[in-house]
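S.K.: My questions all concern the structure below.
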Amino acid sequence: MKRFMKLTAVWTLWLSLTLGLLSPVHAAPDTSVSNKQNFSTDVIYQIFTDRFSDGNPANNPTGAAFDGSCTNLRLYCGGDWQGIINKINDGYLTGMGITAIWISQPVENIYSVINYSGVNNTAYHGYWARDFKKTNPAYGTMQDFKNLIDTAHAHNIKVIIDFAPNHTSPASSDDPSFAENGRLYDNGNLLGGYTNDTQNLFHHYGGTDFSTIENGIYKNLYDLADLNHNNSSVDVYLKDAIKMWLDLGVDGIRVDAVKHMPFGWQKSFMATINNYKPVFTFGEWFLGVNEISPEYHQFANESGMSLLDFRFAQKARQVFRDNTDNMYGLKAMLEGSEVDYAQVNDQVTFIDNHDMERFHTSNGDRRKLEQALAFTLTSRGVPAIYYGSEQYMSGGNDPDNRARLPSFSTTTTAYQVIQKLAPLRKSNPAIAYGSTHERWINNDVIIYERKFGNNVAVVAINRNMNTPASITGLVTSLRRASYNDVLGGILNGNTLTVGAGGAASNFTLAPGGTAVWQYTTDATTPIIGNVGPMMAKPGVTITIDGRGFGSGKGTVYFGTTAVTGADIVAWEDTQIQVKIPAVPGGIYDIRVANAAGAASNIYDNFEVLTGDQVTVRFVINNATTALGQNVFLTGNVSELGNWDPNNAIGPMYNQVVYQYPTWYYDVSVPAGQTIEFKFLKKQGSTVTWEGGANRTFTTPTSGTATVNVNWQP
């Protein structure tokens, strides 16, 4: 959804007030810890569980797997869920303004110590799973996990779990004794291992060279045993496992390696979550510096999950850390991503994480990190702070970027930057939901405005550490008043004076200076800021967040279909819960009209699914093509494009599982229904349909299936 809104020209009498006096801060349902669908009002703190705090030494691994000194960063160091609980209870996280934590994958991992190039390695990171239905005992018991959920919720903190359904653990096709042979267990019962895989639980196509999307999906990541999601047992197992963690009360899911799993299976996986207990879900698809991937944005817009915004992270690092781009490049990223993401405010923004060098360098200027944090916390999206950033941790690539947290100081400037800015996401909807507009710029300085209705925040950053910036001609949407810097001057910010028409008085922004000024007011007409989940079947309750909905029930529209009465589960001024009506599957615009009939903005790209989803692999043989021509699939349901060649599924693959002239693709389709479908060849705008009658297939009610047919001339 594009959130550029018209500026208003309604001005008040001259006031010398800060925002705190202009508008009192009050709790709203959209900002509640119970809102599992919307994280735009939250600040996430990513915790590598083993490296955060050791709250229970009794659960530390023994022998070669453990290094209490944390000298070998590839061994366990002792961090656990009790340690996180302790740091919630003592106020370290809440004092920083953190309202969501993202923890390492909680499932049971392998116990083997693997020697790579003379260095012992363990599953301290949580990504070498063996049983997705049990806990990693080094982190804690199932009761410890429940205690973490309860403690976090009692302190208004949501809990996101990492989840890695792409693979189990390292394995060797030649040596079944290597590590644990990638074995997969179901609550303690062995399902199978990588060698002698008679049940076809895993892929066996060798390791990926990352040359194509297909190559990365169906071949192993390094030596990790790659799960076969087209296997019904694997499919049902993983979906049952995530339901178990949802039942335990998790509020969000980060899905690892989404680029390396079938997109159709992932859509059915998301449908399972959204049709069961929907929570905010985001995936990891790595992008390099200056990389813009159409497939990346298509996944974000069509899979039902958001993404870690690597495009944002890489550009922020270029501009604030490495000085390899300037503020015009930053502006271009913000404006370009606004177009490419259907819901830009749902993407998870960050400046570093466990898969890249830490932002701060050992001898680097701390102000660079502080400015990057301020930028992330006030920009569109859902900000995620990597543990230790507030303590200026440095470190190169894995494992040096995963060291033990050295301190829990609450007096660092970085901690205080987070502390002062994080609450804005709940108190000012311009930060949570607003559009972004550049208001003043040169190579080293950017002043941008976030705006939602008449709520406004203005952010000024001068990355030049030696030269002040003379700011003249600045015009904002702030009302006529004098505004104190929300940061309180800790980054050398200043007061901003705004006159008639939003014109700011000239001022000097100090070298390395950063300031935030804001204004809030109540909305009198409805404005939608967030909808979640963005994909589900009829009858599922979704959450609409925003402002100005009023206290009495109005109407929610899915396209032209009006929903009123009992199908509106709850209606408050900042949040509506509504059941998806019984409309045909497809893409819909959502809008709201309050009880007085005032209409909201349109929130677009909502997908109504035809029903519950399963994954079907469609295989077409003998489909020869000309150079530049590809094979696609369409059919009579929205999941297959409703017979529209422009919305057909594909291009299909033809290199790994099957080879040309056989093509294949894994597709999410309605469960337990007889569907019609056909294949077609496309080259640009030229479409060639296969002959014969429409094909039919009755999909399974659960699990997966394969359709294997020949091209009809």
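Cβ atoms are placed via backbone N, Cα and C, with glycine included.
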S.K.: Per Swiss-Prot, which one of H167, H297 shares the substrate site with Y127, W128, N220, L221, Y222, D223, R254, K259, H260, H354, D398, R402?
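M.R.: So, going by the record in Swiss-Prot, that would be H167.
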S.K.: Which of these, D175, D209, D226, D251, does Swiss-Prot say binds Ca(2+) 2 at the same site as N166, I217, H260?
M.R.: D226
S.K.: Which of 28-165, 523-609, 610-713 has the most Cβ pairs closer than 8 Å to the region 'A2' (230-433)?
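M.R.: Checked against 28-165, 523-609, 610-713; highest Cβ contact count belongs to 28-165.
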S.K.: Using an 8 Å cut-off from the Cβ centroid of N166, I217, D226, H260, can you name the remaining same-chain residues around the Ca(2+) 2 site, in sequence order?
M.R.: H167, H203, T208, G216, Y218, K219, N220, L221, L227, A257, M261
S.K.: By Cβ count within 10 Å, point out the most packed of the recorded positions listed: D223, D226, D256, E284, D355.
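M.R.: Per the Cβ count, the most surrounded site is D226.
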S.K.: Using a 10 Å radius around its CB, how many other CB atoms surround C77 (disulfide bond)?
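M.R.: There are 25 of them.
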S.K.: Return the member of C70, C77, D355 nearest to H260 (Ca(2+) 2 binding site) in space, with distance defined Cα to Cα and candidates limited to these recorded positions.
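M.R.: That would be D355, the closest of C70, C77, D355 to H260 (Ca(2+) 2 binding site).
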S.K.: At the Cα level, what's the spacing in Å between C70 (disulfide bond) and R402 (substrate binding site), rounded?
M.R.: 10
